[in-house]
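What TrEMBL records for 9-27, 33-54, 66-87, 93-115, 122-140, 146-168, 180-200, 212-234, 241-261, 267-287 is transmembrane segment. Positions annotated as domain 'EamA' by TrEMBL: 10-138, 150-284.
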Amino acid sequence: MGKKLNPQWAVLIGVIFVSFSSIFIKYSTAPSLIIAAYRLGFTILLLAPSVIRSKRQEIKEIDKRSLGICILSGVFLALHFATWITSIKYTSIASSAVLVNTHPVFILLGSVLILKEKVSKKTVLCVGIALGGGIIISMGDSALGNHVLFGDLLALAGAFFVAGYMMIGRAVRQHMSVTTYTFLVYSSCFVTLMIFVLGAGIPLHPYPLREWFIFLALAIFCTILGHSIFNWALAYVKAAFVSTAVLGEPVFATVWAILLFAEHPSLWQIVGSVMIVFGIYLSITWGQEIKPENKALLNE
């Protein structure tokens with residue numbers, strides 16, 4: 001991906017693709033872990049030719065510490081997919097999407113305590129506005145029975161794990177190409193998910209052809225054109241900005257739900273969505289999240 005591409009707007013493009021995740025998952029009838037595992041399996045197959053052709057030497061030269069970080073990042077991503085995808089089976093898409101996107105709270109804490117980054121007051125304000133919108137959407141979502149709390153907790157767990165995944169990626173992306181990083185992380189994620197699948201005794205096949213198309217769509221649109229863009233952008237912007245922008249996912253997911261399932265949002269969801277978009281808009285227009293030492297890279 002060219003370095004001249006504005007990383008902030010690239011992140012928003014990634015958000016749009018990722019927002020289709022919950023839609024594809026809702027269409028699927030396969031077990032949650034199978035959805036996650038085959039999503040990553042297809043992703044690896046699609047990335048492998050490029051990696052073998054151009055990144056083989058870079059992979060050979062990776063030190064053990066960097067490799068370990070990539071593996072750990074993949075484990076966090078696997079836990080994110082496992083918990084979040086399962087949450088959709090128990091709670092509404094709106095609640096799941098909103099709760100899993102509360103990860104900026106974990107990012108802010110981790111950025112200060114672990115990555116030692118200085119988070120500006122403007123960043124805190126943007127995240128606060130966006131999270132406020134998320135809370136409003138959640139308040140307007142109707143209860144779905146006794147399983148709702150369990151689903152909500154799974155979505156929150158997904159938020160925690162994706163925060164760890166983003167922070168770990170921020171720590172290694174400045175000295176590793178996005179192609180190599182994503183391939184190693186996705187490979188680790190796939191292996192972890194397959195361990196979960198086999199451990200749970202879930203059959204690997206057969207599944208209808210329709211399901212395989214869903215797995216492939218998740219790999220192409222939501223992972224390669226979604227998460228991979230986030231990985232690229234983490235070399236140029238702070239993790240807090242990426243996590244704030246990703247809060248737009250439930251907004252777009254709501255739009256797709258209207259168009260595809262005729263699920264019209266309530267007033268609560270509309271107000272909350274406006275707040276989320278406003279928080280993201282402020283974060284972009286203020287433009288404080290590109291680190292000074294990385295601005296030169298964008299002009300290469």
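Heads up, the Cβ atoms here are built off N, Cα and C, so glycines get one too.
Of the two recorded stretches, the transmembrane segment (93-115) does not lie close to the transmembrane segment (212-234), with fewer than three CB pairs under 8 Å once pairs fewer than 6 apart in sequence are set aside. Helix, strand and coil counts from DSSP across the domain 'EamA' (10-138) read 105 helix, 0 strand, 24 coil. 9-27 is the stretch from 9-27, 122-140, 146-168 with the greatest number of Cβ pairs below 8 Å to the transmembrane segment (212-234). Within the same chain, residues 69, 72-73, 76-77, 79-81, 83-84, 86-91, 95-96, 98-107, 110-111, 114-115, 185, 230, 234, 239, 242-243 sit at least 6 positions outside the transmembrane segment (146-168) and bring their C-beta atoms closer than 8 Å to a C-beta of that stretch.
Annotation: stretch 180-200 has the most Cβ pairs under 8 Å to the transmembrane segment (66-87), among 9-27, 33-54, 122-140, 180-200, 241-261. Residues of the same chain lying 6 or more positions beyond the ends of the transmembrane segment (180-200) and with a Cβ under 8 Å from any Cβ of it are 33-34, 36-37, 40-41, 43-44, 47-48, 51, 55, 58-59, 62, 67, 70-75, 77-79, 81-82, 165, 169, 172-173, 223, 227-228, 231. Here the domain 'EamA' (150-284) has, by DSSP, the following mix of helix, strand and coil residues: 114 helix, 1 strand, 20 coil. Most Cβ pairs within less than 8 Å of the transmembrane segment (122-140), among stretches 9-27, 33-54, 241-261, belong to 241-261. Long-range neighbours of the transmembrane segment (241-261) within the same chain, counting only residues 6 or more positions beyond its ends whose Cβ lies under 8 Å from a Cβ of the stretch, are 8, 11-12, 15-16, 18-23, 26, 93-94, 97-98, 101, 103-104, 107, 123, 126-127, 130-131, 133-134, 137, 163, 166, 230, 233-234, 269, 273, 276-277, 279-280, 283-284, 289. Under 8 Å from some Cβ of the transmembrane segment (9-27) lie the Cβ atoms of residues 1, 35, 85, 88, 93, 96-97, 214, 217-218, 221-222, 225-230, 232-233, 237, 241-242, 245-246, 248-253, 256-257, 260-261, 280, 284, all in the same chain and six or more residues away from its ends. Confidence annotation: the domain 'EamA' (10-138) carries a mean pLDDT of 86 in the model.
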